[in-house]
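*Asks:* Quick one: the structure is below, and I'll ask about it shortly.
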């Protein structure tokens with residue numbers, strides 16, 4: 001047997017979980033069965049789908065405020081059904097979008113002072129009016145009964161992809177909606193991607209955001225170019241198991257990684273060439289557990305795999321189209337969901353190459369992954385430039401066909417690295433023609449076992465102060481948002497206001513011209529006009545009834561939330577009484 005050990009900078013990467021005082025306790029995770037990661041973060045805040053009655057809700061947790069959450073916590077309320085997924089804007093730390101089981105998208109602006117009331121005692125909270133919920137600044141109707149996944153575009157400002165219950169992926173420009181360009185709730189999707197025969201399970205953009213890859217329950221893997229039509233430009237057979245499949249694009253490359261299940265319910269890891277989905281380049285059998293595997297890509301060419309219901313996190317290095325197993329973070333606490341912070345939020349001075357936030361039963365636990373080194377200087381070989389918070393395109397430019405690579409920032413001193421205006425030419429396609437009908441994925445080969453290397457303890461290093469990754473932050477764009485209309489929400493939630501940019505103010509509403517008829521026109525045409533007016537009257541009546549029902553639903557939600565707060569207060573008072581009388 002060969003004694004050769006493959007050299008790698010990441011062979012000895014190890015995970016270290018935060019102590020209890022660094023965790024977020026007393027969280028109430030949703031019990032909805034829809035398969036998403038449940039949690040999202042941008043390095044400043046963390047969003048979590050919340051278990052709440054009276055309509056859907058999710059919570060925003062400031063990452064600089066760990067500890068036990070109070071029983072009465074401010075929530076983001078505005079959906080009439082469970083919140084299924086959330087995602088933060090990569091360019092504005094206070095903007096988050098949500099998708100729910102009511103078929104709507106919610107756009108929210110986080111107010112930092114929303115959490116100041118949590119530092120007060122009970123009497124001071126009552127004097128301040130109590131804990132207040134947050135309302136969305138914009139709600140968009142997607143046309144479906146459910147929004148299963150939401151995802152911000154990586155380079156274009158304000159572009160959001162949403163998978164809907166009609167098996168489509170719809171792209172919206174939320175800056176247009178917020179500035180009133182098309183009417184907040186009535187805005188149509190700019191692009192709709194079709195072709196899936198069943199529910200979309202996972203989606204991701206390529207490095208520049210020019211293409212979008214998706215898995216679905218019809219066991220197909222599809223690649224779309226939103227500017228080249230609604231149909232997929234590439235399609236292949238994915239994992240053949242009945243359980244959920246996930247996908248992630250491998251950074252600035254033509255490689256895609258999917259996780260899923262075989263027909264025999266083995267968990268699998270596939271590596272694909274994005275230019276040919278005929279069959280996977282590499283297949284790995286992970287194990288025989290039954291939890292969906294969540295993949296997370298790092299620009300260190302490392303992919304982290306976290307299985308739902310597992311306590312462990314495996315990580316592989318992608319090198320020359322081979323997936324090399326590195327190590328495994330082990331824990332006895334099973335995870336329900338997980339997210340990773342953007343790389344620009346890492347602690348480069350501590351050689352932290354990744355940080356995850358793991359959702360357990362009622363706690364969120366940070367887990368940092370380190371490369372053990374003694375060197376005091378900045379380790380440029382393990383910290384390539386990260387995506388910055390400055391967009392490379394506007395949403396309008398993106399939909400008009402422009403391309404741009406993401407703007408980058410150095411993790412050594414926080415200086416910005418301007419990306420080229422246009423994306424580089426794509427890598428040439430394979431010389432062999434692609435088949436018109438995708439072939440079935442082959443049965444995975446047995447994974448070769450590498451010689452196990454024990455994870456060493458982190459080497460002590462002298463105390464030093466490395467340059468901060470955000471010492472000189474880049475100037476963020478001035479684009480902000482403003483809701484066009486007041487939402488039918490109770491008076492207690494915090495109301496926020498956005499101011500559109502000058503470019504947004506120029507948006508004009510275009511009214512379709514009514515058909516005209518010459519004097520003496522045919523009676524059929526006149527009857528058509530009367531029928532059209534009657535139809536318009538019916539539509540207006542239906543719209544009025546919908547608005548009435550929405551108002552009643554908002555009143556019901558307000559009452560339920562008021563009763564919830566009263567119940568929590570009674571519980572607190574009961575605990576105080578028991579403590580006072582010695583129970």
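Glycine is treated like the rest: Cβ placed from N, Cα and C.
TrEMBL does not curate its annotations; it predicts them automatically.
Okay, so TrEMBL annotates it like this:
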- 421-431: compositional bias 'Low complexity' (COMPBIAS)
- 467-480: compositional bias 'Low complexity' (COMPBIAS)
- 489-499: compositional bias 'Polar residues' (COMPBIAS)
- 509-522: compositional bias 'Polar residues' (COMPBIAS)
- 524-544: compositional bias 'Basic and acidic residues' (COMPBIAS)
- 3-67: domain 'DUF1899' (DOMAIN)
- 421-544: region 'Disordered' (REGION)
- 76-111: repeat 'WD' (REPEAT)
- 193-234: repeat 'WD' (REPEAT)
*Asks:* On the 0 to 100 pLDDT scale, where does the domain 'DUF1899' (3-67) sit on average?
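*Replies:* A mean pLDDT of 93 is what the predicted model shows over the domain 'DUF1899' (3-67).
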*Asks:* Can you work out which residues elsewhere in the same chain, 6+ from the ends of the repeat 'WD' (193-234), have a Cβ less than 8 Å from its Cβ atoms?
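*Replies:* Contacts of the repeat 'WD' (193-234) (Cβ under 8 Å, skipping residues fewer than 6 from its ends): 35, 148-149, 151, 153-156, 159, 161, 163, 165, 167-171, 240, 244-249, 251-253, 256, 258, 260, 272, 274-277, 398-399, 401, 403-406, 423, 434, 438.
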*Asks:* Looking only at the domain 'DUF1899' (3-67), how are its residues distributed among DSSP helix, strand and coil?
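*Replies:* Summed by class, the stretch gives 3 helix, 23 strand, 39 coil.
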